Amino acid sequence: MLKASILFITISLTLMLENSYGKSCRSIGEKCSKTVFDRCCGDSICHLTSPFHGKCVKCLKEGQLCTSDKNCCSDKCNWGKCTKEKHY
């Protein structure tokens, strides 16, 4: 019961904060911070240029930092960077 209450309160606070900031997500080309309060819409990703400062892009180019294959234009994320070559 306590876990459910904490989860409900967390979700409620997140939604209230999101609504107080206006738009709930950013479009391609708009500024983002890669946080729940300032995230990119849909499949776009926040390309950070410094901590919490970036721009929403369709995908990350070769050499940029990534967390998964779907972040990269090449669909290949190897050791945290987008690559051209397939990793094995």
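The backbone N, Cα and C atoms fix where each Cβ goes, and this holds for glycine too.
Disulfide connectivity taken from Swiss-Prot links Cys82 to one of Cys59, Cys72, namely Cys72. Looking up Cys59 in Swiss-Prot gives a disulphide bond to a cysteine among Cys41, Cys73, Cys77, identified as Cys73. The record in Swiss-Prot lists a disulphide bond between Cys77 and one of Cys56, Cys66, namely Cys66. The Cβ of Cys72 (disulfide bond) lies under 8 Å from the Cβ of Cys59, Leu60, Lys61, Glu62, Gln64, Cys66, Cys82, Thr83, each of which sits 6+ residues away along the same chain. The Cβ of Cys82 (disulfide bond) has 21 neighbouring Cβ atoms from other residues within 10 Å, across all protein chains displayed.
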